[in-house]
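In case it helps, Swiss-Prot gives these features for our protein:
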- His135: active site, proton donor/acceptor (ACT_SITE)
- Lys139: active site, proton donor (ACT_SITE)
- Ala79, Thr80, Thr81, Ser103, Ala104, Asn105, Met106: NAD(+) binding site (BINDING)
- His136, Gly145, Thr146: (S)-2,3,4,5-tetrahydrodipicolinate binding site (BINDING)
Amino acid sequence: MKILLIGYGAMNQRVARLAEEKGHEIVGVIENTPKATTPYQQYQHIADVKGADVAIDFSNPNLLFPLLDEDFHLPLVVATTGEKEKLLNKLDELSQNMPVFFSANMSYGVHALTKILAAAVPLLDDFDIELTEAHHNKKVDAPSGTLEKLYDVIVSLKENVTPVYDRHELNEKRQPQDIGIHSIRGGTIVGEHEVLFAGTDETIQITHRAQSKDIFANGAIQAAERLVNKPNGFYTFDNL
């Protein structure tokens, strides 16, 4: 499989290493600013890249959105987070002409977490719910795209939910419909997501801890391996 990388930060550097270990080939990289240290051919436009079987994106909205407006037809794996609604609308449009895969978190374990959460929410309807995520001190967006995904699962199953991001400004007791959303940034934490169900005299915690960023890179590669043989359409872990 010949792979075009969109972005060449820490994540796509891992994708490159792991993909080559699996026998795949990196045919090019698209970056905001070309760098002399990038060990692959660098491009500015997707259409300029010849022979790629799939593109894997771990970048940012500033790089990705202009590329998505170009005229190209290439299976596309997208892991960029930020401006989610705009991104999903654009990917849905592109999926009419090419296979597109999107996940805010490329870990299959996190996908499993969403399924566990979907089963737990109806069973624990009277429990308060708090969501917490922790990441390294270089992550710029908060809350994480993964936490937003977990919140979306809850919203799909509960009515009149209210997200609460900053409780210290509230001088009132917690309301039953509140969903607390908390972000922690520090050190080199790869990624931790916890769902707390707090009831009367008991609590239940569901936690996913990433121990290496390789799980996200491998998840993207595995998605790409499946996507290249798919018909046009929008794919997630649910239908890939």
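Cβ coordinates come from backbone N, Cα and C, glycine included.
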Where does Thr146 ((S)-2,3,4,5-tetrahydrodipicolinate binding site) sit in DSSP terms: helix, strand, or coil?
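Note: Thr146 ((S)-2,3,4,5-tetrahydrodipicolinate binding site) is helical by DSSP.
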Which chain neighbours of the (S)-2,3,4,5-tetrahydrodipicolinate site, leaving out His136, Gly145, Thr146, have a Cβ atom within 8 Å of the mean position of the site's Cβ atoms?
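So the extra residues in range turn out to be Thr81, Ala104, Asn105, Glu133, His135, Lys139, Asp141, Ser144, Leu147, Gly191.
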Give me the count of other Cβ atoms within 10 A of the Cβ belonging to Thr81 (NAD(+) binding site).
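A 10 Å sphere around the Cβ of Thr81 (NAD(+) binding site) contains 20 other Cβ atoms.
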Taking the Cβ of Asn105 (NAD(+) binding site) as the centre, count every other Cβ atom within 10 Å, in any protein chain shown.
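Around Asn105 (NAD(+) binding site), other Cβ atoms within 10 Å: 26.
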How far is it from Thr81 (NAD(+) binding site) to His136 ((S)-2,3,4,5-tetrahydrodipicolinate binding site), counting Cα to Cα, in Å?
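A Cα-Cα distance of 16 Å.
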So which recorded positions out of Thr80, Ser103, Ala104, Asn105, His135, Lys139 end up within 10 angstroms of Thr146 ((S)-2,3,4,5-tetrahydrodipicolinate binding site), measuring C-alpha to C-alpha?
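Ser103, Ala104, Asn105, listed in sequence order.
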When the Cα of Ser103 (NAD(+) binding site) is compared with the Cα of each of the recorded positions His135, Lys139, Gly145, which one is closest?
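Result for Ser103 (NAD(+) binding site): the nearest of the recorded positions is Gly145.
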What subset of the recorded positions His135, His136, Lys139 lies within 10 angstroms of Thr80 (NAD(+) binding site) at the C-alpha level?
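Cα filter at 10 Å returns nothing.
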Could you check what DSSP calls Thr81 (NAD(+) binding site) once collapsed to helix, strand or coil?
coil
Would you identify which of the recorded positions His135, His136, Lys139 has the most other C-beta atoms lying within 10 angstroms of its C-beta?
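When each Cβ's neighbours within 10 Å are tallied, His135 tops the list.
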